[in-house]
Number of protein chains: 2
Amino acid sequence: MGRWEPNTRERLARAALELFGERGYEQTTVAEIARRAGLTERTYFRHYADKREVLFGGSDVLRKVFATAVAEAPASDAPIDVVAAGLEAVAAVFPGRETARQRQSVVGSHPELQERELIKLATLSAAVTEALHARGVADPTAALAAEAGIAVFKIGYERWIAPAEHRELADLLHASLTELKAVTAGSR
Amino acid sequence: MGRWEPNTRERLARAALELFGERGYEQTTVAEIARRAGLTERTYFRHYADKREVLFGGSDVLRKVFATAVAEAPASDAPIDVVAAGLEAVAAVFPGRETARQRQSVVGSHPELQERELIKLATLSAAVTEALHARGVADPTAALAAEAGIAVFKIGYERWIAPAEHRELADLLHASLTELKAVTAGSR
DNA sequence: AGCACTGATGTCAGGGACTGTCATCGCGTA
DNA sequence: TACGCGATGACAGTCCCTGACATCAGTGCT
């Protein structure tokens with residue numbers, strides 16, 4: 001038994017998040033994660049490239065959702081509005097806030113995990129830039145709009161998982177975008 | 001012999017860059033780097049926290065130079081001009097272009113090294129933000145000015161090490177900043 | 001039912017990154 | 001000279017990660 005249980009990746013991700021919360025990231029071995037998921041260390045590495053990656057399984061979905069929304073936005077929309085549509089789409093598919101908080105408390109206290117998060121965001125930015133290119137947006141504008149979108153996502157997401165925060169992600173992303181517009185348009 | 005040779009860190013860094021260029025990053029072991037520098041693997045890890053860090057020894061200097069220049073800029077300067085002063089100071093202390101190109105050819109082809117570069121830039125951005133705070137610049141402005149400065153540095157540096165590029169780093173940083181100003185001020 | 005085929009998993013061996021511990025060495029100083 | 005201090009060497013050990021091969025569950029075909 002144990003073989004052929006479904007949702008292997010998800011079981012591994014859940015086991016990892018639990019163990020990281022219980023003992024800490026460094027004190028948890030990959031073998032332990034696999035064992036809690038009813039699997040072997042070798043099998044873990046067939047689903048995740050390394051020990052860190054298990055915390056970032058959602059970034060693929062995030063990238064696809066964002067890029068698809070950008071690609072399918074009305075042709076008449078300005079780049080910044082296209083990015084806003086991407087942010088809305090992202091907010092709609094995001095998992096629970098408690099899981100996000102657990103995850104962030106682990107990532108936030110380990111530089112090697114922050115490194116991974118940074119490169120995921122950079123990849124996301126590149127994907128949005130490319131999606132804008134496909135709409136005919138030229139390069140300085142496309143890259144800047146993408147960077148701005150990622151910055152808004154970052155800030156809105158941080159707010160969303162902050163303690164005692166109850167507003168929805170969609171609202172916080174919208175508010176953050178509005179503030180960015182105000183700052184860049186301000187008389188500075 | 002071998003003990004008490006001076007410039008241990010620099011010797012390790014040079015040996016690493018040579019070996020990474022000759023055999024590639026993954027095909028080089030830390031023991032080999034140490035041996036070429038006339039040292040032991042264990043000693044390597046007393047000077048650099050991990051295998052990647054040996055390629056980023058200059059980031060400390062970079063951060064200090066940038067932050068100091070920001071702190072010492074004329075009090076009347078606007079935030080963006082303060083950042084410009086920091087960029088000038090950075091350009092003045094940068095090592096040779098050929099070394100930078102070697103280094104970049106290694107970093108550019110290994111995601112784990114790009115991760116490290118991203119977190120170094122994030123740290124630099126945070127240091128600049130803090131230096132601006134110390135000048136009395138408030139937070140949305142300080143963080144945005146710092147981010148803008150880092151973006152300019154990134155782009156200018158990329159141009160500087162591009163093949164067939166002969167202009168000086170200072171000129172390229174200046175040009176990039178000018179272009180950023182044009183983009184953000186443009187009728188978009 | 002019996003059979004081959006495919007894909008996911010288990011098992012095993014091994015290299016390389018990184019750490020803790022203790023001994024040793026070179027140098028300055030009393 | 002004796003002593004102390006900081007840097008290095010030597011050694012053992014853990015964990016991350018990989019390659020190679022065997023094994024099992026399910027599928028389609030006969």
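The backbone N, Cα and C atoms fix where each Cβ goes, glycine too.
Summarising the annotation, TrEMBL assigns DNA-binding region to B:29-48. Under the heading domain 'HTH tetR-type', TrEMBL lists B:6-66.
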Fill in the blank from the handout: Residue counts for the DNA-binding region (B:29-48) under DSSP, helix then strand then coil, are 14 helix, 0 strand, 6 coil
Fill in the blank from the handout: Model confidence over the domain 'HTH tetR-type' (B:6-66), as mean pLDDT, sits at 97
